[in-house]
Amino acid sequence: MCMEVRWAPELNSSVTAWCWLWTPAGSFLVPYIIMLVVEGMPLLYLELAVGQRMRQGSIGAWRTISPYLGGVGKWALSWILDSRGFTGGAAWADPLPWSVCPLNGNRTGYDEECEKATSTQYFWYRKTLNISPSIQDSGGVQWEQGLCLLLAWLVVYLCILRGTESTGKVVYFTALLPYCVLIIYLVRGLTLHGATNGLAYMFTPKGTFDLPGWQLANPKAWINAATQIFFSLGLGFGSLIAFASYNQPSTNCQKHAIIVSLINSSTSIFASVVTFSIYGFKATFNYESCLNKVILLLTNSFDLEDGFLTASNLEQVKGYLASAFPGKYSEVLPQIRNCSLESELATAVQGTGLSFIVYTEAIKNMAASQLWSVLYFFMLLMLGIGSMLGNTAAILTPLTDSKVISSHLPKEAISGEWANPRRTWGSGGRGAGNYWFDIFNDYAATLPLLLIVLVEIVAVCYVFGLRRFESDLKAMTGRTLNWYWKAMWAGVSPLLIISLFVFYLSDYILTGTLQYQAWDASQGQLVTKDYPLYALAIIGLLVASSTMCIPLVALGTFIVRCLKRGDTPPVA
């Protein structure tokens, strides 16, 4: 299987992760590039080299390094992956169903919840998710979501039916089509009114060295950058080791690591340019709409001549009206919105908010909105499938490598059990499903991922031995390991991960009770609520289930070895 096919799911992930995790501040690019150099590229090379050297999936590879490290590969099997249904079916409607608010029951006006929010937010939270007011209220079963999830898993199963044999044929399409759509969106985005505002906001650092809020002095910026790199490259999930196990021993995996890292990050930045050009259009549109509403209000309230009040003289006229007509102006003042382009650009969101609210709100204001909507949701579908192929490789390769499992079950049965959709009906198809999805997304992988990658580095450098691993690489590829890779693996990368781990834990300790964003229908906006005790317990179990497999497997291996030693008859 050629390199382009093997690494296509990782390039898909770069677009998905950037659109999902991106923090819109110009200074974010600095920690992102630093993390790429000191974490992303070295760890990518490490995992590729481990897979190519051991010729096994994640479980077998780490067990070969040390029998006590089988739990490192098992963590991916314990990480439960949930997926969202798509709203793409509504993209064909004319007008788009999220472009206007629906009428109320009496058909005398618009729905109250939609009027307090926006038509896009209403369509996402009420029509698509039918979200409950809190995580305690599980809500009824959402059959539309359930059917979408069933269809999504069916598509995934058909793609992985014959393992890597069928996967390789699919990823050409899932990897290349998003690039085509992004190029189309780039051309359209750059021609939109206000696109330059979004791009300027993206590349302009916020704050200065003297301000405590400067992004580079904020540990969260570095944690976000590391998370972005880890998720986009797929580090720690086992998929890279699984892909590399199919390499020929003489393959130059160092070259692959550099190429994939650079293409991955270039794709991420390219996707961000597309994102922020559209984001700038959306922010400019909202800002100008706000100005027009204020101009109309003041013109009608003070009987001003049409066209007299403009955006350029608005502040000056407001000051004059406040001093000349203080009584009347004070009555109108509560209705005057504070319009700010900077505030509109700063109201950034991530996750589902970016994918299904910001983008769709911008799309509804474009000409030929149905065309752009269909292209966008079809791209999301391809990105989802492409990313899932990488995740499933991390699961299926160790399972098919297992003689116990593969001798009793064919590939089709193993793939079918992994793609079984019953797991999605537990919480994903209910009103509170999105809250549980956020729990899995925020806590099931991020903290354990740092720990897993740290254990991987320590295992290679200090358990297997860096000199021994360097010797194996030279014998395998014929190339000597240079000082950069050895310095990153042995010192810089693990120390930086430990620092991020400490920052991550201290941030949650200082934050206090863990909180989440819940949709309040009465206000038409998201509100912050504390997680209930049982949700906190589940968060703890999620983190523990992903990390405890390492010491538990090591303990089990130690006990089994001790028992075998005790059963061995003494030599005469």
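Glycine residues also receive a Cβ, built from the backbone N, Cα and C atoms like all the rest.
Caution: TrEMBL annotation is automatic and unverified by curators.
Per TrEMBL, these features apply:
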BINDING   S232, N264, L383, S387  Na(+) binding site
TRANSMEM  20-46  transmembrane segment
TRANSMEM  146-164  transmembrane segment
TRANSMEM  170-187  transmembrane segment
TRANSMEM  221-246  transmembrane segment
TRANSMEM  258-281  transmembrane segment
TRANSMEM  374-396  transmembrane segment
TRANSMEM  443-466  transmembrane segment
TRANSMEM  487-511  transmembrane segment
TRANSMEM  531-555  transmembrane segment
Contact check, the transmembrane segment (170-187) vs the transmembrane segment (258-281), 3+ Cβ pairs under 8 Å, seq sep 6+: yes
Annotated stretches the transmembrane segment (531-555) and the transmembrane segment (443-466) touching (3 or more Cβ pairs under 8 Å): yes
Positions whose Cβ lies under 8 angstroms from the transmembrane segment (487-511), at least six residues beyond its ends: 38-39, 41-43, 46, 219-220, 222-223, 226, 446-447, 450-451, 453-454, 457-458, 460-461, 466
Tertiary contacts of the transmembrane segment (443-466), as residues 6+ beyond its ends and Cβ separation under 8 Å: 43, 46-47, 50, 62, 65-66, 69, 72, 75, 79-80, 226-227, 230, 235-237, 486, 489-490, 493-494, 497-498, 500-501, 504-505, 539, 542-543, 546-547, 550
Neighbour count (Cβ, 10 Å) for S387 (Na(+) binding site): 26
Other CB atoms within 10 A, centred on L383 (Na(+) binding site): 25
